[in-house]
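*Asks:* Got a structure here, written out as structure tokens. Questions coming.
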Amino acid sequence: LAGAFCIPLYVPYVLTGRWIFGRSLCKLWLVVDYLLCTSSVFNIVLISYDRFLSVTRAVAYRAQQGNTRQAVLKMVLVWVLAFLLYGPAIISWEYISGRSIIPTGECYAEFFYNWYFLMTASTLEFFTPFISVMFFNLSIYLNIQKRTKMRLDVFHEVHSQSFTEEMERSPEAKLSLKCCKWEQKESAETLDLSKSKAQGPASTSSPDAKDLLATSSESSRKPKCCNKKSCKNSASTLCSEKQMKIVPQSTTQHFRLSRDKKVAKSLAIIVGIFGICWAPYTLLMIIRAGCHGQCISEFWYETSFWLLWINSAVNPVLYPLCHSSFRRAFIKLLCPKKLKIQPNDALQN
């Protein structure tokens, strides 16, 4: 709408420095321009609020997803509020004040230099929405971080506990552990005995050697449940089996963590673009009204003004790029056949 109506009328005005389309079309242009910019901001707030509910109150949100009437009502309310903020003032300001301050050949709102009105309107149009969007998106990010941490903690706790229980319940694991302990004890006793006999006098070396051989032969006659190699193999087998069970679940947790990080990053981009496009114009407009246009260069004011329209052009591209749900909705509206050909688009995203 901005590209089809507002910009074509504004470009000749900028190039010639004179409004040539009459007073009535000037008011209509002002109403539409202010309406579109303000509704763009309010829609960003509505979308952020909607995503805030989908994350923080997921169960109640899913229950109301089929309520088209409520969704339409919210969107209509956004446009009504956007119109009420500037529309009545643009239409009736000169009739209430009793005179018009706009010279012939110019086209701007009657309240263009009214600092008190602009400050109040800017608070409702930019500062309050910007703080609201930051609050909603920050809440979403913190909620995602909290849920991710809880999932990881539960994941590690459950699998460490289940591994311990399995080791305690499994007869093979008990046998393997006992074998390893028995092997370590026998080897330690043999090593201590051989050291003490090696340090004894030479006269007693022969009988002690016989005792040592007897002990060794006696221990060799004991039925060994396993040796070191079998111990290692058994432990390795148990760990491999457990790891095979953990890998698919850990992959799922990693996928969810990556998805949550992507969501948080996209929310930061949306808030950042919104602030970059709206903050310069809002601040310059307030300053310009306070000094009656004497302290702000016309170049910087025009640049900040075009940033508003750039934001309107960026938003329809930005949301589908950042969110797969918006992308699927745009494809459904614009290319329904492509959506039928690519049913697994959600899984790929």
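Positions of Cβ are set from backbone N, Cα and C atoms, glycine also.
Sharing the record's features from TrEMBL:
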- 1-319: domain 'G-protein coupled receptors family 1 profile' (DOMAIN)
- 28-50: transmembrane segment (TRANSMEM)
- 71-93: transmembrane segment (TRANSMEM)
- 113-142: transmembrane segment (TRANSMEM)
- 191-225: region 'Disordered' (REGION)
- 266-287: transmembrane segment (TRANSMEM)
- 299-322: transmembrane segment (TRANSMEM)
*Asks:* Checking distant contacts: for the transmembrane segment (28-50), what same-chain residues at least six beyond its ends satisfy Cβ-Cβ under 8 A?
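*Replies:* Contacts of the transmembrane segment (28-50) (Cβ under 8 Å, skipping residues fewer than 6 from its ends): 1-2, 5-6, 9-10, 21, 74-75, 78-79, 81-83, 85-87, 90-91, 107-109, 125-126, 129, 132-133, 136-137, 267, 270, 274, 278, 308-309, 311-312, 315, 319.
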*Asks:* Give me the mean pLDDT over the domain 'G-protein coupled receptors family 1 profile' (1-319), rounded to a whole number.
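*Replies:* On average, pLDDT over the domain 'G-protein coupled receptors family 1 profile' (1-319) sits at 75.
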